[in-house]
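What follows is a set of notes on a single structure, which appears directly below.
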Amino acid sequence: MESTGGPYLNTAAVTSPVGIARLLQMTFGCTTFSLVAHQGGFSAAYGTFCMFVWTFCFAITVFIITCEFTHLHSCLSLSWGNFTAAFAMLATLMSITAAVIYPLYFVQVGCYPIGCEVRDFRIAASVFAGLLFVVYAAEVFLTRAKPGQVTSYMATISGLLKIVQAFVACIIFGALVNDSQYGKYVATQWCVAVYSFCFVVTVVVVAFSVTGKTALLWFPFERSVVIYTFGAVLLYVSAAVIWPVFCFDSKYGSPQRPGLCAKGKCPWDSQLVIAIFTYVNLLLYVLDLAYSQRIRFVSHL
């Protein structure tokens, strides 16, 4: 008699290279936040952010494995290929951030004053946090679009770059609210408007791709994305010129860091971070524009 379980369970979800990577993600993620919660400890905004990253990524990974193993993803109103590709890229960025932040703020060589046991737990958590980043990056590598392959948009270089652009914009926003004094000049306010507009539109592009609703639009989605990317390049060029001038030119700001500026509470530091990541995002949008000329959009995979 034929087994009735076969058609309903997808064993490839846990035995394929991508499935094995996801199982390792689940294992390393659970181990990391368990070590921190048990003895490693965390505090302040940095520690809370790290714990959020590990628990969030663990929960979504369990959800993805469950849905693929049981075929439940076919019941969801999502473009599953776009969703998993977008999450893998986001998790890669979040996990490497947490893997850098946690040891930077919580790991020390000596035992005093936290004790050797707590120190060892924190070192172990940092190791597993690094391994977690590696397996998420491995999934991105395994699922990315190959040359000439028809695949989900978010699995293409252009789609993956959209996630990185939004992530970099979040870093810029974090520096903006950290006493960056962006409201001092209309020109710097324009830069904030550029960052905000590009971030919102990029998130909308990702949202339409993940939900698979691009076919419902009354305009050609793929052409609109390319046009938007070209506009974003021009907008970021303007911000890349204006922001440094109004922050670091001696006529408007300070070319050098003020000597009496407190560490962690210095507007000049925030302005420098914003300037650096403005150029990073400009480069990302340029690369996005170059790659978007060569891809085929598929919204229903």
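Even glycines carry a Cβ here, placed using N, Cα and C.
Annotations in TrEMBL come from automatic prediction, not curation.
According to TrEMBL, the protein carries these features:
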{"type": "DOMAIN", "residues": "13-148", "note": "domain 'MARVEL'"}
{"type": "DOMAIN", "residues": "153-297", "note": "domain 'MARVEL'"}
{"type": "TRANSMEM", "residues": "44-66", "note": "transmembrane segment"}
{"type": "TRANSMEM", "residues": "78-101", "note": "transmembrane segment"}
{"type": "TRANSMEM", "residues": "121-142", "note": "transmembrane segment"}
{"type": "TRANSMEM", "residues": "154-177", "note": "transmembrane segment"}
{"type": "TRANSMEM", "residues": "192-218", "note": "transmembrane segment"}
{"type": "TRANSMEM", "residues": "225-246", "note": "transmembrane segment"}
{"type": "TRANSMEM", "residues": "272-291", "note": "transmembrane segment"}
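The transmembrane segment (225-246) shares more Cβ pairs under 8 Å with 272-291 than with any other stretch in the list 121-142, 192-218, 272-291. Nonlocal intrachain contacts for the transmembrane segment (192-218), taken as residues 6+ away from its ends with a CB within less than 8 angstroms of a stretch CB, comprise 77-79, 82-83, 86, 152-154, 159, 162-163, 165-166, 169-170, 172-173, 176, 182, 224-225, 228, 232, 235-236, 238-239, 278, 281, 285, 297, 299-300. On the 0 to 100 pLDDT scale, the model's mean across the domain 'MARVEL' (153-297) is 92.
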